[in-house]
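Okay, structure first, notes after.
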Amino acid sequence: MKERIKDKAWRPQFIKLNNPDTSKKIVSQKSKKPEIVDLSSPGNNDLVTISILCVLLCFQLAISLNPHSGESQPPMYGDYEAQRHWMEITVNLPIEQWYLNGTHNDLLYWGLDYPPITAYHHYLLGVISNKINKKWVELTTSRGYESIAHKLFMRLSAIIPFYIFYLPPLIFYFTRSKKMSPILYALALLYPSLLVIDNGHFQYNSISLGLFLATYMFLTKNFTIIGSILFVAALNYKQMELYHALPVFVFILARSINKTQLFNSFRRILTIGLFVVGTFLIIWLPFLLTGTAKDVIIRVFPFNRGLYEDKVASFWCAFSFILKRLPLQSVQIYISTALVLAGSAPSLLVLFLRPTEKQFRISLTATGLSFFLFSFHVHEKTILLAAVPALLLISEYTSLVIWFLNITNISIFSLCVKDNFALSLSFFFAYFVVSYAYTAPRKISHILTILIGFAICILELYGPSNQRFPHIYQLANAFFSCVHFIYFLLYLSFASFEKTKKE
């Protein structure tokens, strides 16, 4: 002790005692960390949805500023003019003349070739157009009409139904899914091909696809009659919903049959059938009363227009360099039908035996692919009928579905180039980067094949022209995409049976 006192360096230490309450506050303040919102938490579903919708609307508006199909390209223009022309026809002519060739309705100039609900929808838009500016829908003289105000109206007419028909069932599905991941949720809602086709090229696919998604939601929740009515509405908006008709029919039939109560099963099926027939009659009543129903059917199912349009990634186009050497003209429609049924049969068989929700989703996607690959009069846009049900499988088959969605984006690029919207490639590439940066597992083989697809797209833009084969790059894209689609169809067909073994 004496030594310490002698040591001048040593000084007594005094400890200041803090107020206990104050010290607790200091400790709590130091230990307090910045709050981080966990978007994967179920309680934050609304925040995730709002965030995605804000990004989605920005994308739609940005896409809408780009050229539309056939912009300033007389005499036929494009799909944008087709939609405007149908408003012109329906609002100016009596209903019995909508599908008939006549003085004021030249069917060779974008004649109406979709079912009645499409016609009714365009009549409603035509009435609104007529009230805003009569020049937009003046009979004959409005052909090829283009203006900034009219383009704004048309673009909004495609965006609004997306939020009314398409998004609600899709959001309902994902927000109630136990496996819902925010990134997968975002990838599903921001799927580029639908946005580019509806808001760029210009169509109203979101209406029929939204009705289809609503059909799925109601059928899987055992509201069979409502689901059946909604599907009839989807089918009568766009006849391409026939792609989904077989799985919908098989699912309803399989779930309605009860071996222990055959009479009740028969009564249930009969009731559903009556509602379906009744809905069809109501929709078609004006054409039945005017005796023009047959003319509508002829326009809606144009078997004389060939197996495909443009350079589409269907089997018939992709392998045309072989098929055109075979004498198939007289039997091609029968071969087409047989191939569609063969491609659909495996998943449909399992669906009938095991009508689970997952198998329903698999069958909808597989059958959609089978129709796209092998059916009659296929367009690039019809790949959406396989892609949208695939969105419902993104949680279960993440790697496969993300690969598939990226290939579908590549498959429609030739259509975008035709519309002078090559900038869409940047959107597709951004989607590819995000989809593989934030999801797992990442398969190198998938990434490499997608990069090959992008290389083909770049060649289509900047590659040297070939006078002998002027469409070589478009055909390369079609072949590349078609081979992938065949693989996806086979994979889903085998996946159906694997599920059967487990169950």
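Each Cβ is built from the backbone N, Cα and C atoms, and glycine gets one as well.
Look at Swiss-Prot and you will find 1-46 (among others) tagged as topological domain 'Cytoplasmic'.
According to Swiss-Prot, the feature transmembrane segment maps to 47-67 (among others). Within its own chain, the transmembrane segment (47-67) has Cβ neighbours under 8 Å at 37, 39, 155, 158-159, 162, 167, 171, 175, 182, 185-186, 189-190, 195-196, 199-200, 419-421, 423-424, 427, counting only residues six or more beyond its boundaries.
This prediction places the mean pLDDT of the topological domain 'Lumenal' (68-151) at 95. The topological domain 'Lumenal' feature in Swiss-Prot is assigned to 68-151 (among others); the stated evidence is a curator's inference.
What Swiss-Prot lists as transmembrane segment is 152-172 (among others), and the listing cites sequence analysis. Listed as Cβ neighbours of the transmembrane segment (152-172) (distance under 8 Å, sequence separation of 6 or more from its ends, same chain) are residues 49, 53, 57, 60-61, 64, 68, 80, 83-84, 125, 129, 132, 136, 188-189, 194, 198-199, 202-204, 206-207, 209-211, 213-214, 216-217, 391.
Annotation comment: Swiss-Prot describes 173-181 (among others) as topological domain 'Cytoplasmic'.
Among the features that Swiss-Prot reports, transmembrane segment is placed at 182-202 (among others).
Panel annotation: around the topological domain 'Lumenal' (203-211), residues 79, 83, 118, 121, 157-158, 161-162, 164-169, 194, 197, 230-231, 233-234, 237-238, 240-241, 381, 384-385, 388 of the same chain, lying at least six beyond its termini, place a Cβ under 8 Å from a Cβ of the stretch. According to Swiss-Prot, the feature topological domain 'Lumenal' maps to 203-211 (among others).
If you look up Swiss-Prot, you'll see 212-232 (among others) marked as transmembrane segment, on the strength of sequence analysis.
Residues annotated as topological domain 'Cytoplasmic' in Swiss-Prot: 233-239 (among others). For the topological domain 'Cytoplasmic' (233-239), DSSP puts the residue distribution at 4 helix, 0 strand, 3 coil.
Look at Swiss-Prot and you will find 240-257 (among others) tagged as transmembrane segment, backed by sequence analysis.
If you look up Swiss-Prot, you'll see 258-268 (among others) marked as topological domain 'Lumenal', on the strength of a curator's inference. Below 8 angstroms of C-beta separation, residues 224 of the same chain, each at least six residues beyond the ends of the topological domain 'Lumenal' (258-268), sit close to that stretch.
Look at Swiss-Prot and you will find 269-289 (among others) tagged as transmembrane segment, backed by sequence analysis. Residues 95-96, 99, 115-117, 224-225, 228-229, 232-233, 236, 252-253, 256-257, 295-296 of the same chain lie 6 or more positions beyond the ends of the transmembrane segment (269-289) yet place their CB under 8 Å from a CB of it.
Residues 95-96, 98-100, 107, 111-116, 239, 284, 339, 372-380, 383, 411, 414-415, 418, 471, 474-475, 477-483, 485-486 of the same chain sit 6 or more residues outside the topological domain 'Cytoplasmic' (290-332) yet have a Cβ under 8 Å from a Cβ within it. Per Swiss-Prot, topological domain 'Cytoplasmic' is recorded for 290-332 (among others), and the stated evidence type is a curator's inference.
When Cβ-Cβ distances below 8 Å are used as the criterion, the transmembrane segment (333-353) is approached by residues 246-247, 250-251, 253-254, 303, 307, 315-316, 359-360, 362-363, 366-367, 369-371, 373-376, 489, 492-494, 496-497, 499-500 of the same chain, each at least six residues removed from its ends. Per Swiss-Prot, transmembrane segment is recorded for 333-353 (among others).
Taken from Swiss-Prot, the feature topological domain 'Lumenal' applies to 354-359 (among others).
The annotation transmembrane segment is assigned in Swiss-Prot to 360-379 (among others) on the grounds of sequence analysis.
Between the transmembrane segment (212-232) and the transmembrane segment (475-495), fewer than three CB pairs separated by 6 or more residues in sequence fall under 8 Å, so the two stretches do not touch. Counting Cβ pairs under 8 Å to the transmembrane segment (182-202), the stretch among 240-257, 383-403, 444-464 with the most such contacts is 383-403. Counting residues 6+ beyond its ends, the transmembrane segment (444-464) has Cβ neighbours under 8 Å at 399, 402-403, 406-407, 410, 413-414, 417, 422, 425, 428-429, 432, 436, 473-474, 476-477, 480-481, 484 in the same chain. With pairs at least 6 apart in sequence, the transmembrane segment (421-441) and the transmembrane segment (240-257) have fewer than 3 Cβ pairs within the 8 Å limit; the two do not touch.
Taking Cβ pairs closer than 8 Å, the transmembrane segment (360-379) reaches residues 216, 219-220, 242-244, 246-248, 250-251, 302-303, 305-310, 312, 314-317, 333, 336, 339-340, 342-344, 346-348, 350-351, 385-387, 389-390, 392-393, 482, 485-486, 488-489, 492-493, 495-496, 499 in its own chain, all 6 or more past its ends. Proximity of distant same-chain residues to the topological domain 'Lumenal' (465-474), defined by a Cβ-Cβ separation under 8 Å and at least 6 residues beyond the stretch ends, is recorded for 310-311, 414, 456, 459.
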